[in-house]
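Some features that Swiss-Prot has for this protein:
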type	residues	note
BINDING	CYS69, CYS71, CYS87, CYS90	Zn(2+) binding site
BINDING	ASP489, ASP491, ASP493	Mg(2+) binding site
Amino acid sequence: MIDRYKHQQLRIGSVSPQQISTWANKILPNGEIVGEVTKPYTFHYKTNKPERDGLFCERIFGPIKSGICACGTYRVIGDKKEDPNFCEQCGVEFVDSRIRRYQMGYIKLACPATHVWYLKRLPSYIANLLDKPLKELEGLVYCDFSFARPVAKKPTFLRLRGLFEYEIQSWKYSIPLFFTTQGFDTFRNREISTGAGAIREQLAGLDLRVIIDYSLVEWKELGEERSTGNEWEDRKIGRRKQFLVRRVELAKHFIRTNIEPEWMVLCLLPVLPPELRPIIQMDGGKLMSSDINELYRRVIYRNNILADLLTTSRSTPGDLVMGQEKLVQEAVDTLLDNGIRSRPVRDGQNKVYKSFSDVIEGKEGRFRETLLGKRVDYSGRSVIVVGPTLPLHRCGLPREIAIELFQTFLIRGLIRQHLASDIVGAKSQIREKEPIVWEILQQVMQGHPVLLNRAPTLHRLGIQAFQPILVEGRAICLHPLVCKGFNADFDGDQMAVHVPLSLEAQTEARLLMFSHMNLLSPAMGDPISVPTQDMLIGLYILTSGNPRGICTNRYNPWNRSNYQNERISDNNWKKKEPFFCNSYDAIGAYRQKRIHLDSPLWLRWRLDQRVIASREVPIEVQYESLGTYHEIYGHYIIVRSVKTEILWMYIRTTVGHISLFREMEEAIQGFCRARWYLS
C-alpha cells in the first residue's frame, strides 16, 4: 500500500470484503462497475484474445498493449482532446499496459470459505479464538457436522424434538436427504448452521475484550490452584494456561491492528493481477501457464456450479448442495495452500500444482528471491580473508572490484581534473588501467564508505559500514574482530559489497553503521567485538611458550631443554638462555632469526615489589667473582650486590609474550590519551 505521504510500504494481514471490493472494482467512464471474474476462461482459442469477464479480461485488468483496446483501436494515452478515454464497444480503457501488474480482480463466492492459513496452520487462530478443538471445526467447515442454531428467544424445532443432544452432531445421514434445495435453505437458515458460514457467524459474535477478561480470570484461577499430585492433571493445567496466554495475545493483536475475526472467512476471493500469473507462448506455439491460473479455474468452475444450484434448480437434494459447498472450500484451500489438508492436487503429468503459498514462501519465493534477493547495482561479491594489519573500521577492497564499483565517481574525477576530455576517454583510461587511474581511485575512495553484508542478515550487525582501501588479490580483507557480528569465519565465507550513493545514505552509514560504532550486541548489550576463532588460536600460539605444557615453561636447571636455543644461521647449540636489556633487542634478535617466537629468554625488567616480597624460595643461586649473586626463581632472576641490595631483575618470557604486552600497552596508553582529551 502507499500512504498519503507517498511512502511505499507493505503490510500483510486480513482485510474486509469491502476493502477487497475497493481494490478490485473500478468504475468505467460510462458508469459500469467491473472487477468480478465470473468465467474460468483465459484466452479464446481462435482469436488468442482474453475472454470477457475471464481471468485475463482486459476490461477488468487493463489492456495487454498500451493504448490499444480489445477491438484493436489505438488512442494516445493521456490525450485530453480525445474523448472518451475508453472504447465504448469493448469497454477497455486506453491506459498503460503496466496496470496489469497491480490491478486486481475478485471472485464472489456463492458460500463463505474459511482461509486455510488461519484454520490449519498451527497454532490455529480460529480454534484459539473459538476455544474449540480443531477437529470439530474442520468437520464443521467441510460439512461433516452442523450445530443447532438458536434464534433469539425462540426454541428451534431440533432442540424441541431433542434430536441434538450436543451442540455438534452428525447430519450426513439424517437431515439433508429429506429436503430439496429451497426447503433445505429455509430449514438451514432457521434450524442449523454448517460450513464456513457457521464459523463466520461464531467469529462475528465474539467480543474480543470479553475474551481477554474471561481468559485472564481463568488464568488467575488456574494459577491459584495447588498441585493435584497427578502429573497428567498438572500438565493439563499447564497446557491450558499456555493456551489462555496465546488467546489473550491473539485477541490483543486483533484489537491493535483493527482486524475483525470474521475476516478470516472469505466471502470475496481476490484474483492476482495477470502479470503475476502469466501465460507465455513458447517456440512452436505451445502455451505455458502459471499453476495459479489452473487453481483459479477450479475455484470458478465449482463456484459457478454451486451458484446455479442455489439460484436456478429447485429440486436438488440438500446433500448435493452441501457436497458442492465442500468442493468449493477444498478448491479455495488448494489455491491458497496445496496439500495442507490432504494429498496435494496434481496435473496430468503427475506434477504438484504450485499454490499461492508455494509462490511466496521459501528461498525461491516471491519475497526472498524477487524482492529481497534481487540483484543490486553498484555491488560486488567475493571471499573474505583476514587482514591483520587493518584498523577495525577499514576493509581491504580488491582493485578489480573497486574500479567497477567506483567507476562513475572515477570518471567524474578524471574529467574534473582534466585528465580526460569526455566519458569515452575516461573509460578508455580505466580499461587500460593507467597509473593515474589508481591515484584518482584512492582519492575517490578516501571519504566514501562501503557496506559489507553477509547472508543471512539475521540482525542489525549482519551489515556494517567500512572505509575501503585498495589491496592486491581478489579477496576482501576484513579485521577479525568484526567477524562475530557477521557470524563469519575465514573458511571460504563470501560477503557482498554495496556502495551507498546518496549523501543521506553515506551519512547514515558513517554515523550508525560503521564497525567501530557497533561494539556491543544490540540484543544483549554484551561486547560483540571480542577475539574469536582465529584470533584465539593466534594468541594461544603467541603465548604458549614450550609446546609440551605450561609446567615446562618454568626454569629448571635439570631440564636440558632449557638450554636448547637453536641459532638457525649456524646450527650451534647455546649452553645458556639469552639475556636482553630491553624488548627492542629481543624483537630484533627474533627478526634476525637468532631465536624462535617461543624460545625462552631473560628480559631485564623494572623492579616489581610484589614479586620481590613473595616468599618463594629460589631454585638456584649463582655467585660471581665480584661478590654479586643471582637468585634464580621459576620465572624471574633477582641480581643482588655484596650488601644484598637489589640491583636489577630479569623475567623469563618469550618474544610472543613481549609482542602481546607491547600491543596491549600501546592500546591502554592510547585509550588514556583519548580519555584525557575528552575530559
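Using the three backbone atoms N, Cα and C, a Cβ is placed for every residue, glycine included.
For the recorded Mg(2+) site, residues ASP489, ASP491, ASP493 set the reference point as the centre of their Cβ atoms, and the other residues of that chain within 8 Å of it by Cβ are ILE384, ALA488, PHE490, GLY492. In sequence order, the binding-site residues near CYS90 (Zn(2+) binding site) (Cα within 10 Å of its Cα) amount to none of ASP489, ASP491, ASP493. Of the listed binding-site residues CYS69, CYS71, the Cβ environment within 10 Å is emptiest of other Cβ atoms at CYS71. On the backbone, the CA of ASP493 (Mg(2+) binding site) and the CA of CYS69 (Zn(2+) binding site) stand 53 Å apart. Within the set of binding-site residues CYS69, CYS71, CYS87, the entry lying nearest in space to ASP489 (Mg(2+) binding site) is CYS69 (CA atoms). Within the same chain, residues at least six positions away from CYS87 (Zn(2+) binding site) with a Cβ under 8 Å of its Cβ are CYS69, ALA70, CYS71, THR73, GLU93, PHE94. Of all the binding-site residues listed here (ASP489, ASP491, ASP493), it is ASP491 whose C-beta has the fewest other C-beta atoms within 10 angstroms. In the three-state DSSP reading, CYS90 (Zn(2+) binding site) counts as coil. One way to see the shell of the Zn(2+) site is to take the Cβ centroid of CYS69, CYS71, CYS87, CYS90; the remaining same-chain residues with a Cβ within 8 Å of it are ALA70, GLY72, THR73, PHE86, GLU88, GLN89, GLY91, VAL92. In this view, CYS90 (Zn(2+) binding site) is surrounded by 16 other Cβ atoms within 10 Å of its Cβ, with every protein chain counted.
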